[in-house]
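**Student:** Straight out of Swiss-Prot:
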- 42, 94, 95, 96, 97, 162, 163, 411, 482, 483, 497, 502: ADP binding site (BINDING)
- 42, 94, 95, 96, 411, 482, 497: ATP binding site (BINDING)
- 15: SUMO2 cross-link (CROSSLNK)
- 248: SUMO2 cross-link (CROSSLNK)
- 249: SUMO2 cross-link (CROSSLNK)
- 381: SUMO2 cross-link (CROSSLNK)
- 366-372: disulfide bond (DISULFID)
- 1: N-acetylmethionine (MOD_RES)
- 11: phosphoserine (MOD_RES)
- 170: phosphoserine (MOD_RES)
- 222: N6-acetyllysine (MOD_RES)
- 243: phosphoserine (MOD_RES)
- 244: phosphoserine (MOD_RES)
- 247: phosphotyrosine (MOD_RES)
- 252: phosphoserine (MOD_RES)
- 430: phosphothreonine (MOD_RES)
- 459: phosphothreonine (MOD_RES)
- 1-24: region 'Disordered' (REGION)
- 526-545: region 'Disordered' (REGION)
């Protein structure tokens, strides 16, 4: 075979990379992503300004929001971005630390791969380390009393201090706590807190941030359909529909042949009678407000107005669900089936206000709302979007604590405690595995190290003294004060994080590192046919889909 042409198995326009080259490529991609985000950790974090393709601006220091906007080529970088999204959906906080940790885990593994250690050895050490990390975290966690308002505000505050909104921290903490407490829903001993669905954030530019508040009820961006309808109703009876109050046209196309002209008037009359019947079904229940997801014809408006009923049309389905939860109404699909128990009487006030140039309907002062609207005011759209992102994080933290009331110390303290525990355990280990195992402990120190770097203090001196501190008894709550860059006891500073967030961060970071270490071959697929003719033989870059 030596003299013959090499046998081509893969087609000519695919490119294959394998072995060490791929592994170091993946590790570098992950490190690059981690470096982008590194300065966004802690209370002294920097903001990033991103321009999207449409020319809009995003200004944020939320790890997930930054990575969402970045377009990357390398497949390993894509999976890094994916984990920050998972973290955001799962626990809503810790998106920055999960990326930094995963990047660091891969970075310490590179050294072993260079020494020809097999990736599987590194992986099994990482897995073992993860189990020990989880058990150590659970050991240092403390239970929390969720009914104590000050404690809860303190926890939310430690999540908010790293964000833009920290200037208004007490306002933001109260908003987040009230909103989450409102949408908390218990049945048969099962807690359900659905923030996405029932706690809506409405942003209205104008005013100042101090004007923001949580409404005990719902606000929608709609006006009444007829100018003479009432705009201020106390204790309204509310009917919610998801059908239209218009003449129903048949599903299939129908043709009517008219021979006499009286028939024509009869047809119009039938349409009118149909609408009148619909309205009468509603009017029987004597509601004050009718809200529907579909349209309301002029004639129906006329009948409703004569009965002194306010009508609001084309409301979003999600808003309608929220109104139903807030005032206790049921959404009805057919007006003729309306019954007394479908009417919502839980709201204390319906009023329509003009804010800026637009009209908003407020349904507030609900007796026992299970949905709420957070009204945000602020100078510009960019600020509002950032404040909204921060509030979402704060609400998620609050939700995590309510669902799983366990806390671990923040400020890099839990990382150092876990790292110390791992180092102690590795002393008893024999064989090659102890080195990658010890490296995990080293990787965990990236969190306190980054906190120290971001506030401009001396990294080496502080980290060494922090390590020394953690070797002493009962010092596992010592960490870095991100504001000043000094070492403090987190118990005194009152910076705590939910255990759920930390567990998820560690699991995700280690799993991702393991996943990327497993890859030893990248085959990039075909290029488009058009490209092929123009650049014959030029293989696409690794990672181009």
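Easy rule for this one: first residue shown is 1, then count along the chain.
Cβ coordinates are placed from backbone N, Cα and C, and glycine is handled just like the others.
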**Student:** Please state whether DSSP places residue 252 (phosphoserine) in a helix, a strand or coil.
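**Tutor:** Assignment for residue 252 (phosphoserine) reads coil.
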**Student:** Fewest other CB within 10 angstroms, which one of the modified residues 11, 459?
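**Tutor:** Across 11, 459, these modified residues, the one with fewest Cβ atoms within 10 Å is 11.
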**Student:** What span in Å does the ATP site cover, taken as the longest CA to CA distance among 42, 94, 95, 96, 411, 482, 497?
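**Tutor:** In whole numbers, the farthest two Cα atoms are 18 Å apart.
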**Student:** Going by DSSP, is residue 96 (ATP binding site) sitting in a helix, a strand, or coil?
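**Tutor:** Reduced to three states, the DSSP call for residue 96 (ATP binding site) is helix.
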**Student:** Look up residue 244 (phosphoserine) in the DSSP assignment and report helix, strand or coil.
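**Tutor:** DSSP assigns residue 244 (phosphoserine) to coil.
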**Student:** Could you state the CA-to-CA distance between residue 482 (ADP binding site) and residue 411 (ATP binding site) to the nearest Å?
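**Tutor:** Rounded to the nearest whole number, the Cα-Cα distance is 7 Å.
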**Student:** So, three-state DSSP: helix, strand or coil for residue 411 (ATP binding site)?
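**Tutor:** Where residue 411 (ATP binding site) sits, the three-state DSSP reduction gives coil.
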**Student:** Which whole-number value in Å describes the distance between the Cα atoms of residue 15 (SUMO2 cross-link) and residue 381 (SUMO2 cross-link)?
**Tutor:** 45
**Student:** Taking the Cβ of residue 15 (SUMO2 cross-link) as the centre, count every other Cβ atom within 10 Å, in any protein chain shown.
**Tutor:** 18
**Student:** Specify the count of other C-beta atoms within 10 Å of the C-beta of residue 249 (SUMO2 cross-link).
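**Tutor:** Its Cβ has 9 other Cβ atoms within 10 Å.
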**Student:** If you count other Cβ atoms within 10 Å of each one's Cβ, which of the recorded positions 95, 170, 244 has the most?
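**Tutor:** Checking each of 95, 170, 244, the winner is 95.
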**Student:** Spatially speaking, which of the recorded positions 11, 96, 366, 411, 459 is closest to residue 247 (phosphotyrosine)? Use C-alpha to C-alpha, please.
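**Tutor:** Nearest candidate: 366.
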